[in-house]
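Peer 1: From TrEMBL, for reference:
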- 74-108: repeat 'PPR' (REPEAT)
- 175-209: repeat 'PPR' (REPEAT)
- 276-310: repeat 'PPR' (REPEAT)
- 377-411: repeat 'PPR' (REPEAT)
- 478-512: repeat 'PPR' (REPEAT)
- 579-613: repeat 'PPR' (REPEAT)
- 614-649: repeat 'PPR' (REPEAT)
Amino acid sequence: MRPFLKLDKFTVPCLLRSFAAQSDLYNGKKLHAVIIGHGLQSDSYVASALINLYVKSRCFEDAINVFTDTPNKDVTVWNSMLDGYHRFGSKDEVLSSFSRMQAACLRPDPYSLSIMLRTCMDYGGVDHGKEIHSSIVRHCFLDDPFLRAALIAMYAKCERPLDALKVFDEMDHKNTVVWNSMIGGCCQNGLWDKSLELFRVMKSGVHLPSSATFSSVITSCSLGQTYIFGKAVHGEVIKVGLECEPYVCTSLLSMYGKFTLVEDAYRVFSGTPTKGVELCNAMISAYISSHYMEKAFDVYSMIRSMGLKPDSFSFTNVLTACSMQESLDFGKQVHAELLKSPIQSNIAVQSALLTMYAKHGFIENANLVFVMAKERDIVFWGSMIMGYCHNGKVHEALDLYKRMVAEGLKADAEIMASLIGVCGRLETKHLGSQLQGLVTKNGLVHDNFVGCVLIDMYSKWRLLDFAKAVFCGITNKNLVVWNSMISCCNQNGQPETSMNYFAQILENGLVIDSVSVIIALAAVSSLAILTKGKIIHGVSIRRVIQSIFHLDNALIDMYIKCGSLEYARKLFNKLPQRTIVAWNSMIAGYGSHGKCAEAIGLFKEMQKLGEQPDEITFLSLISSCSHCGEIEEGVGFFQSMTRDYGMVPQMEHYVNMVDLWGRAGYVNEAYNFVQSMPIKPDKSVWLCFLFACRVHRQLELGEVAAAQLLRLEPEKGGNYVQLLTLYHEAGLGGKAANTRLAMKQSGLKKSPGCSWVEVNNEVRVFSSGSPSSVESAEIYAALKSLRRNMESSHGND
């Protein structure tokens, strides 16, 4: 502290505000000690400034201590504390503190009421918002245009646009702030025509749209998920000559970045003559949203080259980009720059730094950042826990979680989701069940994000009933939860249940996305019900779901598996850009339907167009040749993938080659191929070979294959069944009986066969030995009658 600076109740708040703006907690704490030495801590303005410093530095415990130690709390001090609780997301504390302030006979001022309205706005408390509205009327603050604007914003955010319009219409004198709030509120609630109408009325009146008006409208377009209206507003910006205004440009960049329209974003950025840090940050964010990490790094470097100082958002953004791409060296350079900056103590920046090291597997460096941090909030603790989870260190993550709880912090949804996610990956079932108990204890049982992770965990463990229980326990299910449940049913062999859930999504009026359609198409592909597939295709068109290559590939795959090659080829031909996945799907489709010539022809077309095949392409080609008995072509493709493309064959390629030889009856050649494999054959190779031996009655080689299978998987009853079938078909009843006895002694059973049929638009599943049909008695009676008739007819002959 400079010795000539006079410290009093006027200069100290100014200094504290300066430290808060620079995130300089170190000097702020030093000044706090000096304040205590000078006996200034009881002054309300000083106390208020101290609370603000600690709140902005995310040291909330210190803020509470200053508030508690202030003897004569006036409205200024209470306002600082209300603002702190609001910033930290403590809605209940904001409401409680406001009640205590009034109980202390202190009259709220406009700033107190604006904080309360912001709280109601951020946490959807429209009932509390109406109470604050009554307080504004009661305390005669209705003439305050900023409070009116806050009221409009609150009602709009709480999805009560008509209440917002009523407040707006009751005003005789509307300033630009009020117009901005109302126009933005209409945008947030999807009232685009009304917003445009107000926008035009404002332009024709006394108050011309300001940069803040355009910024508000453009930001609302981002929130409202529509860029078409936003582009129209961009046109208005150009007409009034505000296209170079920093706030407007930043809002435009953010909007285009949100919708991944990176070229539009760059046009705005390059067309702005004066580029500040905020504009550069928005451009970096836009590039990150579109996964152009290198370009994000270039803009960050531009900040330096222009002589500007990166702020906390610059550092956080660029470190996030480093986390998402293999750019550890660049991240380390940024870390070195941070060490020279006071921003290094910013918790958000430290959290991004920690995450970057963890994502690259440098967990020791991440832990060092964590240990060296002077202050830790729930987000920072969460970043370290998630870092451990990302690196599969579940026990370290749980130990840190226990430490966090011991320090009085409560886990949020992200932390619980990370812990559950790593349990799902590592199959630690006991731990996963315990974590579900903690989810319930922490009041997160209805959280959509946590619910999705729990459903995914139980899906991986094939515990479908548990997943369904989690799903049913979530009260307000969003689309992501529905998609997770549909995917879970697909993965656990219940595609018919997936279809039922998809129908419920549509019945509940939720807006489906491309993920919903892709998962539903996967279920249809499993069931091979073409009519259902066409219905889903039609729904995707009617709902104007944007065509992306994942969706196009799923549609092609569905039509192929439902036996409609013609539809699949039409879709393939219409693709604006054919990915390798689309080429492979179409080639495999032709092969699986016995159209080997078409598959090979499509491959040649692919080569002519300069498309590079991958391992899956050759897998599909060899499989096609196998289905059609084209041995020479299949062997040629197998050799070509190594000779011409430098690919190393994987186990699937060897399985297909065994199938190629075996299907054509060349069982000895298939055995020699297996014997010459450079890698050790796995169960799939021997199972494929055993099937070939069965079909072509090669008993000795079949026994060799069965012996290898039983050695690899002695606990699988299906392997014995294959051998049983081989003996039965060869007429070796004695050996079949011995095999059946061995199965019985090992406690193994044959899994019943399962099939399904569509009856009256309903998929019915049935398995052997399971009289699930309501007409099963009549069916069995008919079968007995037919058998008696056949026996009678045979006897007469």
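Cβ atoms here come from the backbone N, Cα and C positions, even for glycine.
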Peer 1: Mind checking which residues reach the repeat 'PPR' (74-108)? Cβ under 8 Å, same chain, six or more beyond either end.
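Peer 2: Residues packing against the repeat 'PPR' (74-108) from afar: 44-45, 47-49, 51-52, 54-56, 60, 63-64, 67, 115-116, 118-119, 122-123, 125, 128, 135, 139.
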Peer 1: What same-chain residues lie close to the repeat 'PPR' (377-411): Cβ under 8 Å, and 6 or more beyond its ends?
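Peer 2: For the repeat 'PPR' (377-411), the far contacts come to 58, 60, 347-348, 350-351, 354-355, 357-359, 361, 363, 366-367, 370, 418-419, 421-423, 425-426, 428, 431, 438, 442.
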Peer 1: Going by DSSP assignments with H, G and I as helix and E and B as strand, what are the residue counts for the repeat 'PPR' (175-209)?
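Peer 2: Counting residues per DSSP class in the repeat 'PPR' (175-209), I get 26 helix, 0 strand, 9 coil.
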